[in-house]
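> The active site, proton donor annotation in TrEMBL covers 63, 336. Annotated active site per TrEMBL: 227, 361, in sequence order. If you look up TrEMBL, you'll see 290-322 marked as disulfide bond. If you look up TrEMBL, you'll see 447 marked as Ca(2+) binding site.
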Ligand code: DMJ
């Protein structure tokens, strides 16, 4: 199995540093929930016999955490089978050296390999993660085990908000399961650094220096580079059974700043969340930002009074805008980014933004909005997606992304991202299930849709307030 699977022939884009089986591990809990017993047993055997964690390469701390650790933890909680827990803990340990920075803000990339192994090969372009000068000067030839560095494309060796801000849920579970407080301490320290740094207009920019703990650039986005940081604030509070009030306050304050500075209405009446570049708005929403309808609805459900109603309306409006981005395309699938400028309304204006890579965010919001409102339109919209996927993305060996959602005969990109099985199909399935299948009362979904149990006991992970 590849990191992501390849329906026919193209090589895959790997961000898992040589770790194999992202599709297998990302899909484990989906197989289990869907009661695909035979496939689940096959995947479990692969984890038991073939999942090798001592591999050299450039692994994304974020991707390994959300896809592998999240997938293994969720499957452990669903099945109680020790193998999933032990692999999650083993992998968690391997990520710890990434936090060895002056501030404790982790770097984005790490080598998971075994000491002494030298089989590392630098990837060829166009992979965007070229070693930074800093890492190269410490180790001019190959990155050693546990060595970490920043993404070559992230400005001035910075770490990315959505990456270091999307560890909290999994790391608290790693501490709880291992009895080792180190994981919880690492993520609580991230929170402390974020608490100290000044937020322009109350907003969180996307790039932070792991050396100084200051922002490197003032680009703010609820889509790519920022997205799941906000998601993990509200979900940390929910997962703690509403005890982690610090996370709730950070979420409330951040959402207030977003409402004030980024939420806009288009000439045609569509509500959207713009991006912010040093005070100037970019009237664009990425597909990734469409998860926010679900997140805001989830937060609203646990608020009271005016705020509850206002946020529920905002969540419904954003979800409806994201639906429009699908409805206004020829394939009824949405583009990677859509704009609200130069006369465009929820459509992609650039050729490079017309693709769809089987992303889940829009159906994710349909699932939350359905569960929280039971308005039938969310199921209708979900069914439109099922039909469009069947029509345009199904290929012989699975499902593929498409290069242009505005073409009635789209070309396939020949890639089935692992999140298609982890998220897109799981959220679609849950949209049509009874509410007690993975009830929102008992589970929070990590950003890769892996369910983690809400802590209904008095347990407090080390470092928790
Ligand atoms: C997933 O890996 C996660 O949802 C992540 O938070 C952002 N994007 C992809 C899917 O689009």
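Cβ from N, Cα, C; glycine included.
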> Does any of 63, 290, 336 have a Cβ within less than 6 Å of an atom of ligand 1? These are the recorded positions; tell me which, or none.
none
> Whole-number Å only: compute the distance from the Cα of residue 290 (disulfide bond) to the Cα of residue 361 (active site).
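About 5 Å separates the two Cα atoms.
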> Nearest by CA distance to residue 63 (active site, proton donor): which of the recorded positions is it, out of 227, 336, 447?
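Closest by Cα distance to residue 63 (active site, proton donor) among the recorded positions 227, 336, 447: 447.
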> Taking only C-alpha atoms and a 10 A limit, tell me which of 227, 322, 336 are near residue 361 (active site). These are the recorded positions.
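Qualifying among 227, 322, 336: 322.
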> In DSSP terms, helix, strand or coil for residue 447 (Ca(2+) binding site)?
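In three-state terms, residue 447 (Ca(2+) binding site) counts as coil.
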> Given the recorded positions 227, 322, 336, which one's Cα is the least distant from that of residue 447 (Ca(2+) binding site)?
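Result for residue 447 (Ca(2+) binding site): the nearest of the recorded positions is 227.
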> If you run the three-state DSSP split on residue 336 (active site, proton donor), which class comes out?
coil
> For residue 290 (disulfide bond), list the number of other Cβ atoms lying within 10 Å of its Cβ atom.
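Excluding its own Cβ, the number within 10 Å is 31.
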> Quick one: among the active-site residues 63, 361, which has the most Cβ atoms sitting within 10 Å of its own Cβ?
361
> At the level of the C-alpha atoms, what whole-angstrom distance separates residue 322 (disulfide bond) and residue 336 (active site, proton donor)?
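So the alpha carbons of residue 322 (disulfide bond) and residue 336 (active site, proton donor) sit roughly 11 Å from each other.
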> For each of 227, 336, count the other CB atoms within 10 A of its CB; which of these active-site residues has the top count?
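In terms of Cβ crowding, the pick is 227.
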